[in-house]
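Reading through the structure tokens given below for one structure.
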Amino acid sequence: MTQFDKQYNSIIKDIINNGISDEEFDVRTKWDSDGTPAHTLSVISKQMRFDNSEVPILTTKKVAWKTAIKELLWIWQLKSNDVNDLNMMGVHIWDQWKQEDGTIGHAYGFQLGKKNRSLNGEKVDQVDYLLHQLKNNPSSRRHITMLWNPDELDAMALTPCVYETQWYVKHGKLHLEVRARSNDMALGNPFNVFQYNVLQRMIAQVTGYELGEYIFNIGDCHVYTRHIDNLKIQMEREQFEAPELWINPEVKDFYDFTIDDFKLINYKHGDKLLFEVAV
């Protein structure tokens, strides 16, 4: 049993047994297949903590880990909002939110790429500022990136679910705390938890720190009603030992990472489970 499997199953069980339904409300989300309202059961304010002795990825079902990393590179490295850039990587998970101009508006990578921080007399974006500050001002309590920009929320195809990171350097270790305003536990959470841990490992490597603790906070923690049956099946499945994530140790620049610099070794998992998408 992995740390992630254990915490994940505990939260799913809590939601199914104690979650509050939103069926009395008109909801924004609709089922992609038929356009009917996509209702949820939810609980609020959940936290997952990992000591990073193992990579947090589910073993009770197959997680498309390469797709998760490609999405991460699209947002954090390319700082792109262009869905075509993601399609070029063979990834189509954002196609439902693609606008007429081919982008997701001013969301995700667009916010990270805005040059709105001052550094040595120049304007830099959030990622470059973070990397510089972690190396040169490690004791700062201001190592934060923010995707939730109130001035531009209406210009986003989808407001960010994972919206904030805060980084801490303590005794030579790089700790990461992530905040998600909302998490779809069947589809979004397994991706997000894994990919932001990969981000932590990447940034620790290029800044020269050891890997510290990883904390993932969720505001609205929910399960869509059409996902419940398959989640119950998933919770009863055999759990395996965590795999090993290999990251090419030769990469010293954050922008030099490619998908070929990652390998998931000995990833044993249950069969893939299909969960319908709500948009």
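Using the three backbone atoms N, Cα and C, a Cβ is placed for every residue, glycine included.
Noted in Swiss-Prot for the protein shown:
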BINDING   ARG141, ARG142, ARG181, SER182, ASN183, ASP184, ASN192, HIS222, VAL223, TYR224  dUMP binding site
ACT_SITE  CYS161  active site, nucleophile
BINDING   ASP184, ALA278  (6R)-5,10-methylene-5,6,7,8-tetrahydrofolate binding site
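Taking the features listed in Swiss-Prot, we show where each one sits on the structure.
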residue: ARG141; record: dUMP binding site; contacts (Cβ under 8 Å, 6+ apart): TYR168
residue: CYS161; record: active site, nucleophile; contacts (Cβ under 8 Å, 6+ apart): ALA180, ARG181, SER182, ASN183, ASP184, GLY188, ASN192
residue: VAL223; record: dUMP binding site; contacts (Cβ under 8 Å, 6+ apart): ILE12, ILE15, ILE16, GLY19, THR40, LEU41, SER42, ASP184, MET185, ALA186, LEU231
residue: ALA278; record: (6R)-5,10-methylene-5,6,7,8-tetrahydrofolate binding site; contacts (Cβ under 8 Å, 6+ apart): THR29, LYS30, TRP31, ASP32, ALA38, ASP184, TYR224
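When the binding-site residues ASN183, ASN192 are scored by other C-beta atoms within 10 Å, ASN183 scores highest. With a 10 A radius on its CB, ASP184 ((6R)-5,10-methylene-5,6,7,8-tetrahydrofolate binding site) counts 24 other CB atoms from all the protein chains.
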